[in-house]
Each structure stands twice: as structure tokens, then as C-alpha cells.
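From TrEMBL, here are the annotated features:
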type	residues	note
COMPBIAS	130-145	compositional bias 'Basic and acidic residues'
COMPBIAS	249-259	compositional bias 'Polar residues'
COMPBIAS	264-273	compositional bias 'Basic and acidic residues'
DOMAIN	29-120	domain 'Fibronectin type-III'
DOMAIN	153-243	domain 'Fibronectin type-III'
DOMAIN	281-335	domain 'Fibronectin type-III'
REGION	1-21	region 'Disordered'
REGION	115-147	region 'Disordered'
REGION	237-280	region 'Disordered'
């Protein structure tokens, strides 16, 4: 019954809010919200912050059934992909910039998703474009970028984490740079899926997969809207372990004794890793944002560093879920 707050824009919070006077809220401004990627079931949005900085963002919209949806986004992000949309449907997206839990600025845009992809049409990613094939980049269109296009290259696409319902992929860019990436694959029902990734990223987590299922992932490096390079990999998701409780639901001592290697192995293989292991410490896990269908969590690493993180929980049906997170991240949104 309650309308989306985004449909009744709130005035900018007064400068008497709890922020230092030397950083007035008037200087914190959002740039234009634009569409970076559209598929039948997802939309990629990009924005800029020309002045100041925000603690976090909140993207709001109504789904195809008219129900309000809210997606929290980390304050350092400038791109978000909204999955689970309906084809050929008009959506109005509202992006709020937040500081201290207060909405400071707001930008909006309207997007119509693409028409559904016919079943008989294969994914373009299943017919990889040869690297030396350049009819899509006529010289008159991008006259000064040939050298850049030749230098932009993708490294190997590898798997950094696999669970029964998610996969984390990593890659490198040994030459040049890309404006963005697109990850393409077919879901367990054979439907094509596409996930837009920011050009500065080198990893992506693909959630919502099926256990013990083989997937073929194709990653494209884009400059503008042109595909410059392409890498692929095949992955089989893990088996669903319904009988095994989540380690997080056991005592800490049990989890550490079952998952850690024997002490003698540590001494023989890694004689000098005891000190770094002791120095790697996680801070408090806290909730930074809550909506009816998502939670954003944040944490700190006061000492040392970790290669990666694994967030585990049980869904509303009691099924164990696991979400791998990059080791440099300090926040994650659980949709």
C-alpha cells in the first residue's frame, strides 16, 4: 500500500544534518543515470559523482507486478546490474545517494527491456568472433582507436570459487583496458543470461545457479559497445549438501577443527605462515542496509588480509546458501 519513496522525492536533507561543516551536503552531487547494458531480463546502469562522495546508494523501482523493489549499492560503485526483469517491459529506476543513512541526491531514468530472445537463436557468445575480425569497427566510426583495440586483450578466465548455486570467476587484462565486460551463459533451463560488469572489475560472482549443473561462461571485453576480445570456460557447480549443516551453524571450534589442515602438515609445508595467519583478523560484521528482500552487510579487516570471503546462510526454505566474495571487498548485498 505504501508508495515507493522514490515516487515522492524527498527534499534534500538540510545542511544541519550530522556532517562536518567543511563538507557541506550541497557539494555532494549525483551525475546522470544512464543505461550501459540492456537484455530481456536485466539492465545495467551507470552513474557519476562529480562532486563529493556518498556512503552508499539505493536503487528503487517497481517490478513487472508493480511491487516496490530496492537494491542497495556500495558507495564506491558506479555501476549496477538489475537482474530478474521481464522482457519488453518499461521500468523507471530511481538512484539515491546516501550519507549517514540520509538521502542527499536523486537521479532517475526510464528503461525498456529487450524483447525475449527466441529459443532458436543461439547466444552470440556461442559463436565466438575471431579476434582478427573487425567489420564492426569501421575506420570512419573510430578513426583513432585502432592501436588501442589491438592492445586491449583479455587473459585467461578462471574459477576462483564454486558452490552448488554460485560461481566466482576471475580474469586479467594483460594489455590495454576495456570500458566494460559482458558475461554470457545459459541457465539450467537453457535460457540466455547476460551480466554486465564494470571495466575496472576483475572478478564477478554469478548467483542463482543449479547444483551439479554444467555451465559454459563467455566473457567479452567491450570498448564502447564493441566486442574486442572473448574468453570462455566450462564449469560444473558443486553438489548440494543437504545433509551437512552450514559451518556457521556449528560451533567455531568444530568448524576450525574440521576445516583446518592437521598441525603437522602446516609445519612441514608452510613453516613460516603461523605469524601471518595469526595476524589476519576480521572485524565486526554489521548491517548497512535492509529492504524487504535484501540485506547489505559490511565488515572490516583490521589486521592482515584474506584471499577471499565466503558468506553462508539458510534461505526461507531452510536450504543452505553460500555466496563467495572477492578478498578486497568489504561489503556484499544478499538479494
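Quick reminder: no glycine exception, Cβ is built from N, Cα and C everywhere.
Help me understand the surroundings of these features in the structure.
On the 0 to 100 pLDDT scale, the domain 'Fibronectin type-III' (29-120) averages 88 in this prediction.
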Could you give me the DSSP helix, strand and coil counts for the domain 'Fibronectin type-III' (281-335)?
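Tallying H, G and I as helix, E and B as strand, the rest coil: 0 helix, 31 strand, 24 coil.
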For the domain 'Fibronectin type-III' (29-120), jot down how many residues DSSP puts in helix, in strand and in coil.
0 helix, 50 strand, 42 coil
